[in-house]
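Visitor: Got a structure for you, written out below as C-alpha cells; questions coming shortly.
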C-alpha cells in the first residue's frame, strides 16, 4: 500500500529556488529572441593550433654498461609559436584564412647511449575580419601574399628512468632507480607561402576536449592520465561596409604543452622476503586533434550556432500547454503571473507545513515535534508519522525557511530521540540492545507509539534522511547560538550527535547492504534512492568529528562504508548504471521484468544529496548526464501516459508521476497519475543545475558524443546538435557569455514550465 509524501516540503523548496535573484546579466528572462548574440569586435587576429605528438619509446641498452637494466624513455615537448603581426587589408564581406604547416622534431641521447626522437606537426591559422551584415552572404576566395618568416622555438627534454640490480652480501637483491633529464633546444624557420583561403563566418568560440593516454607500469597494471585541451579562435567583425584594415599590434603567441604526467608504482618481494615498492614519475605524450570541419559549433556573427554553414543549431522554443503561450521565438517569456503565484503559494505552503507539525491548533492530537504525513484519516488514512517524510520536511524547513522556528526543531529532535528508544515489530529500541535493526521501522503513530500492523519493513533510508536533517539542525544551532537549556534529554550539539545521529550512522554501517523496501513501500530489494542518501549521511557526518576522534574505529568504519557504498553504486554489475540504459535504474532487480527502471525517486535522491556544492565529490551530481537523461526519459515516457499532458509540447515541462508502470491512484490500485512531488522534483533538478553554474561561475559543458549521453541537451535544449562520433568531445559555453546566458535562460524557462503546469492544474481544481 502506498501513501503520498508530505508534498508541501518540496513545493517550498522549489518556490525558493524559482524565486532566486539571479543577476539579470546571467538570466535575461525578458529577452525576446532565441538567438545567441556575439560579443563585440576584437582587434587582434587569432591563432589556432593542431598538435600530434608521438608516444614514448622503451629501449633495451645494447651495451653492458648497466647489467640487467632497462631504460624507459618518453619525450615531453613544449612548443611555442610566435606569429609576427602584419597589416592586412581585406574586403569586409569575407574573412580570409591563411594556414602554414610544418613538422617539428626533437632528438636527444639518453644516458644509456640510445638516440630517441619525437615529432609534432604544427598548423598555424590566422584569420582576418568578417562582416556582420545579414545581407552579405556571398563567398569568395582571397590570396594572402607571403610576409615574414615564422620562427618556431622548440625546447625538448628527454626523460630517462634507469634501474640496475645488484646482490648484497647475504643474498638480498636491491634495485636502484635513476631519473635523468637531457634538455635540447633548436630553431626551425618556416618560409612563408601564398595561400588561397575560403570564406567562413564565425566569431569567438572555445572548444574543449579531454585527451587521455594509457600505459602499462612495471607491475603490469594499466594506468592512464587525462588532460583537457582548449582552443580559442577569434575573428573580429566589422560594423560597416567597404574595406576594413587591421593594424599590426603585438605578436600572437600560442603555447601548447603536450604531456600527461602520471606516477606509477610497482611492488615485489626480494630474495630476503621483504616487500618493496618503487614509484616512478612518467611523462606520457598525448595526441591532441582539433578538426574544425566535423560539426564542432562556433558562435556566428549572426547570433546563432552555426554548423559550418550547413545548418543551424538553435535553442529550442518553450511553448506551454493548455493553449497558453508563455514563450516563443517571437515574444518574451512572461513570468510575471508565475512570480505572483509563487509568492502566494510560498506563504500558503509554509503555513500548511507548520499546521502538520505538533503542537498544532488544527490537529490537537499531534504531539509536539511529530510531523504527520497527511491530515486525512479515512480514504486514505495517512494520519501517521513516517521517518522519511518527517526528515525531508524538517530538512526543507531548515534549508529554506527564513524563520525555521527553533522550538519546533528541538521538539523534532526530542521525538527522534524517543522513537529510537521505543520497541517495535522489528526489534528492541536503543538502550535495550546494541542492535540497531529496529531503526528501520518506517511508520509510527502520532502519539509516538509503535505502529504494529503489517507494513513494508524495513525501510533503510529513514535513518539516513534523519541524520542529514539533524546535522543541518546542529549547524543552525551553532550559527544562531541557541541555548538548549535542560528541557530535553540533550543539552548540547555534542549530545544531539552522540545520542541520535551516531545511532542512525551505526544503522547505516550495519545494514546498508541489506534489502529493504523502497521509498514507495512496494519493492523489497536494493534501491538507488536508499543507497545515495545513506552515502550522503555518512559523508556529511565525517566533518563533525574532532581531531582526536578521526582515528577512532567508528570513524574508520564510516570511511569504509562510504567507500563501499560509492563502489557499489557505480559498479555496472549492480545495475544502477549499465550500458543498456541511458538513465539511472532505481531498482535493478525488477528492471526488464516488472518495470523499465525509470523512477522519479532517482531525481529526488540527486536533489537531496547534491543540495550544495560541497557534495560535488559524491556520484550522480546534478550535472551528471545520467541524472539529466533520467529527467529526459521520464518526460518522454509520461508525456503520453497521462491525458493532462496531451497539449504539452516536446520541450516543455509536464506533469510527472512516480514511474511509468505505476497503477496506484492515491488510495487504491487502478490507474497511476501525476504527483505534485514528482513534478516539482523536475523543477528542482533544473534550478539546482542553474544555481550550481552561476554560484560557482562554471562553464556549461555539453557532451558531443553519439553514445546518447547528451540526450537531455540534444532533445530538450538544442536542435540539430551534431555529434563527434565516439570520442569524448564537448561543447563549452563559457560562463557569462551570450551563449551561456541564453542557454541558462532556456533551462530556467523549462524549469518554470513544470511549475506553470502545476499552477494551471491547481487553479482548474480550485486549489
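Just so you know, the numbers here start at 1 and follow the chain as drawn.
Using N, Cα and C of the backbone, Cβ positions are placed for all residues, glycine too.
Below are the features listed in Swiss-Prot for this protein:
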type	residues	note
ACT_SITE	518	active site, proton acceptor
ACT_SITE	521	active site, proton donor
COMPBIAS	49-66	compositional bias 'Polar residues'
CARBOHYD	35	N-linked glycosylation site
CARBOHYD	308	N-linked glycosylation site
CARBOHYD	322	N-linked glycosylation site
CARBOHYD	414	N-linked glycosylation site
CARBOHYD	423	N-linked glycosylation site
CARBOHYD	434	N-linked glycosylation site
CARBOHYD	513	N-linked glycosylation site
CARBOHYD	546	N-linked glycosylation site
CARBOHYD	645	N-linked glycosylation site
CARBOHYD	650	N-linked glycosylation site
CARBOHYD	720	N-linked glycosylation site
CARBOHYD	741	N-linked glycosylation site
REGION	29-83	region 'Disordered'
REGION	125-149	region 'Disordered'
REGION	348-691	region 'H subunit'
REGION	692-767	region 'Y subunit'
SIGNAL	1-21	signal peptide
Visitor: Name, in the order they occur in the sequence, the residues of the same chain whose CB lies under 8 A from the CB of residue 423 (N-linked glycosylation site) and which sit 6 or more residues away.
Guide: 429, 432, 438, 450
Visitor: Look at the glycosylation sites 414, 434, 513, 546 and tell me which residue has the greatest number of other C-beta atoms within 10 angstroms of its C-beta.
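Guide: Max Cβ neighbours within 10 Å, all protein chains included: 414.
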Visitor: Counting other Cβ atoms within 10 Å of each Cβ, which of the glycosylation sites 645, 741 scores lowest?
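Guide: Taking 645, 741 as the glycosylation sites, the minimal 10 Å Cβ count falls on 645.
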Visitor: Using a 10 angstroms cut-off on Cβ to Cβ distances, just flag whichever of 518, 521 is the loneliest among these active-site residues.
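Guide: Ranked by other Cβ atoms within 10 Å, the active-site residues 518, 521 bottom out at 521.
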Visitor: When the pLDDT values for the region 'H subunit' (348-691) are averaged, what is the result?
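Guide: The average pLDDT of the model in the region 'H subunit' (348-691) works out to 93.
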Visitor: Between the Cα atoms of residue 546 (N-linked glycosylation site) and residue 521 (active site, proton donor), find the distance and write it as a whole number of Å.
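Guide: About 37 Å separate the Cα atoms of these two residues.
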Visitor: Translate the DSSP assignment of the residue listed as 'active site, proton acceptor' into the three-state scheme.
Guide: coil
Visitor: C-alpha of residue 513 (N-linked glycosylation site) to C-alpha of residue 414 (N-linked glycosylation site): distance in Å?
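Guide: Their Cα atoms are separated by 29 Å.
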Visitor: Between residue 645 (N-linked glycosylation site) and the residue listed as 'active site, proton donor', what is the CA-CA distance rounded to a whole number of Å?
Guide: 27
Visitor: Between residue 414 (N-linked glycosylation site) and residue 741 (N-linked glycosylation site), find the distance joining the two CA atoms and give it rounded to the nearest Å.
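Guide: Pair distance, Cα basis, whole Å: 47 Å.
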